[in-house]
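Structure first, commentary second.
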Amino acid sequence: MKNTYTSGELEQFFSSDLSSTDGAVQVAIDLEEARQNQQIELIASENIVSKAVMEAQGTVLTNKYAEGYPGRRYYGGCEHVDLVETLAIDRAKLIFKADFVNVQPHSGAQANGAVMLALVKPGDTILGMSLDAGGHLTHGAKPAQSGKWFNAIHYGVRKDDMRIDYDQVLALAIEHQPKMIIAGGSAIPRQIDFAKFREIADQVGAILMVDMAHIAGLVAAGAHQNPLPFADVVTTTTHKTLRGPRGGLILTNNPDVAKKINSAVFPGLQGGPLMHVIAAKAVALGEVLEPSFGAYIKQVLSNARVLASTLQQRGCDIVTDGTDTHLMLVDLRPKGLKGNTTEESLERAGITCNKNGIPFDSEKPMVTSGIRLGTPAGTSRGFGNDEFELIGQWIGDVLDGLVANPEDNSVAEQKVLQQVQQLCLRFPLYS
């Protein structure tokens with residue numbers, strides 16, 4: 001039955017689509033959709049969500065305020081959003097074998113902030129991985145809130161193999177007696193030994209927090225050790241390898257920690273949860289529970305190995321000499337290149353990545369000596385080993401062109417761009 005409105009203004013408000021009401025925003029969205037269709041996405045922290053996830057996020061749930069938690073809200077009319085949030089919680093519990101899950105954090109950074117608000121106090125010592133070694137801003141980097149509010153000490157990697165220096169972690173923990181130790185990061189290409197971190201935390205009586213934002217999809221598929229049996233608390237994003245909407249989760253098996261976390265998220269750090277995003281999280285987590293997700297992660301890892309191997313054959317230096325995960329770091333110093341100019345050249349060739357500091361990097365953060373590459377988005381698109389071998393060759397062509405013609409690499413860029421666009425036409429995104 002067609003709705004009847006009492007005025008033309010109301011009919012327009014409830015019936016007009018975006019293209020007819022705000023052409024400027026529609027144009028920007030269309031341009032971004034075209035970019036995603038026509039470029040190969042290798043940013044390791046990005047992925048491509050399903051149409052169902054996008055549909056859930058663009059629903060009437062965006063209208064609903066729901067401060068509090070299921071069954072304990074500060075507003076009426078929450079019975080249906082309670083169902084949605086409970087679905088998200090139960091699915092996350094099942095995936096990660098967690099007793100308690102908070103699905104309300106708006107981002108991974110806010111999930112980390114809520115954990116710190118709950119479990120440590122300003123001035124306490126925290127021990128996390130340094131940003132240049134592969135850590136994350138929220139783990140105590142100076143520009144971040146965690147670096148300003150806490151006495152942040154940082155561990156790094158060994159110079160000989162660029163892997164986490166667990167001996168240094170132990171030595172720093174004994175020396176500084178941190179209240180919290182943080183494991184995880186944003187550019188760690190090898191598996192993390194959470195059991196080792198637990199041993200170190202126990203030696204000094206520290207809380208162990210694991211940030212598994214990058215590897216949550218791997219953990220969900222059984223392709224990486226689950227941190228839950230070892231950590232006091234675990235945080236993650238819901239995008240990246242989980243292939244959901246942008247958002248965060250906090251997980252724990254400790255009921256006392258769970259109570260503190262819930263209070264820290266609301267009312268401590270956030271107000272009303274984003275129920276439309278939580279619905280999208282629930283849908284994405286439902287997809288993770290399907291057998292096809294395990295096959296997807298298996299392909300992500302296989303593609304990463306192929307890409308790393310191809311780049312090595314093209315003379316690239318891969319940090320840690322390979323990858324166990326979905327990402328890799330390319331050290332550009334042997335080629336005499338910088339991360340920023342390489343990122344720009346690759347983007348002109350239709351390949352999107354990000355400049356990234358490498359361990360012991362002497363360049364500024366906006367310059368860097370490396371790039372970070374990841375395979376989740378390309379794998380979601382349908383790329384397999386053959387496609388990632390081609391991509392590795394194309395990256396090699398762009399880098400070689402940049403070495404030979406640092407002032408104007410347009411010939412190599414245009415040649416690769418044509419090949420990229422032909423490949424992308426074979427693997428379209430949303431219909």
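The backbone N, Cα and C atoms fix where each Cβ goes, and this holds for glycine too.
Copied over from Swiss-Prot:
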BINDING   L131, G135, H136, L137  (6S)-5,6,7,8-tetrahydrofolate binding site
SITE      H239  site 'Plays an important role in substrate specificity'
MOD_RES   K240  N6-(pyridoxal phosphate)lysine
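Every protein chain considered, the tally of other Cβ atoms within 10 Å of the Cβ of L131 ((6S)-5,6,7,8-tetrahydrofolate binding site) stands at 23. For G135 ((6S)-5,6,7,8-tetrahydrofolate binding site), the count of additional Cβ atoms within 10 Å of its Cβ stands at 24 [all protein chains shown].
Within 8 Å of the centroid of the Cβ atoms of L131, G135, H136, L137, where the record puts (6S)-5,6,7,8-tetrahydrofolate, the same chain has further Cβ atoms from G128, M129, S130, T138, H139, G140, A141, A144, G185, S186. With a cut-off of 8 Å between CB atoms and residues at least 6 apart in sequence, the same chain places N112, G128, M129, G184, G185, S186, D211, A213 near H136 ((6S)-5,6,7,8-tetrahydrofolate binding site), listed in sequence order. Long-range C-beta contacts of L137 ((6S)-5,6,7,8-tetrahydrofolate binding site), restricted to its own chain and to partners at least six residues apart, with a cutoff below 8 Å, comprise A109, L131, P143, A144. There are 26 other Cβ atoms within 10 Å of the Cβ belonging to H239 (site 'Plays an important role in substrate specificity'). Within the same chain, residues at least six positions away from K240 (N6-(pyridoxal phosphate)lysine) with a Cβ under 8 Å of its Cβ are A44, S45, E46, N47, A213, H214, A216, G217, P376. Between the C-alpha atoms of H239 (site 'Plays an important role in substrate specificity') and G135 ((6S)-5,6,7,8-tetrahydrofolate binding site), the distance comes to 18 Å.
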